[in-house]
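Working notes, beginning with the structure itself.
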Amino acid sequence: MVQKFMSRYQAALLGLGLLLVFLLYMGLPGPPEQTSRLWRGPNVTVLTGLTRGNSRIFYREVLPIQQACRAEVVFLHGKAFNSHTWEQLGTLQLLSERGYRAVAIDLPGFGNSAPSEEVSTEAGRVELLERVFQDLQVQNTVLVSPSLSGSYALPFLMQNHHQLRGFVPIAPTYTRNYAQEQFRAVKTPTLILYGELDHTLARESLQQLRHLPNHSMVKLRDAGHACYLHKPEAFHLALLAFLDHLP
């Protein structure tokens, strides 16, 4: 009788333990968001190469699968990243499948691009981007600029905004180097992207970027500074919506 009671007691404890394990499992966060969920098309060839000149810049490029190119998009990168980031995320391939030509470059000293004294000055950084665009025959482009690359993109925007079809800053640096009046003079269509959990650069850059007269803004929830890594699907949706509606 005692043994029968003990076996029932042990079975009850085992059942309770299994229930607790199940509840704990159900409460755990799900797997990371898939980075290629939006890209279901055929394989896309990612071309690579080096620009000409003294400061040779490594780049990755995809051409539109469709014959007609809807627009050209150039991707810069942040301090901890390089052009490969945009291939790993599937961003380049996705844009190719949607009819865009997309180019991602390694800034000097990152990835496969050698360091260059030229980019130690603002004028040198602008000249570098101008030369890259010319060498790759990029015209009327959309420039995507996260974080550190703001020190390249912002000076270029201020001097050559008439050459850009669109601008996508993602919590960029260098915004404090310009006055509100300078931002108001830029008419380029702009998509301001930032992560909800980025309480440093995003907040600082927004104070200035919001003065761009032709801008829209998207906050990616539960994402930090590198919001495109934390929420790639939401990032791709916002980017494509912006690109698809450019004049």
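Even glycines carry a Cβ here, placed using N, Cα and C.
Remember, predicted model here, so these are calculated numbers, not experimental data.
Summarising the annotation, Swiss-Prot assigns transmembrane segment to 11-31.
Annotated N-linked glycosylation site per Swiss-Prot: ASN43, in sequence order, evidence recorded as sequence analysis. A coil conformation is recorded for ASN43 (N-linked glycosylation site) in the three-state DSSP classification, outside any helix or strand.
For SER147 (among others), the entry in Swiss-Prot reads active site, charge relay system, with the evidence type similarity to another entry. Long-range neighbours of SER147 (active site, charge relay system) (same chain, six or more residues apart, CB within less than 8 Å of its CB): HIS77, GLY78, LYS79, ILE170, ALA171, PRO172, THR173, LEU201, HIS225, ALA226.
The feature active site, charge relay system is assigned by Swiss-Prot to ASP198 (among others), with similarity to another entry given as support. Annotation for ASP198 (active site, charge relay system): same-chain Cβ neighbours under 8 Å, separated by at least 6 residues, are ALA171, ALA223, GLY224, HIS225, CYS227.
Look at HIS225 (active site, charge relay system): DSSP puts it in coil. Sequence annotations record features per position, and here Swiss-Prot assigns active site, charge relay system to HIS225 (among others) based on similarity to another entry.
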Same-chain residues at least 6 apart in sequence whose Cβ lies under 8 Å from ASN43 (N-linked glycosylation site): none
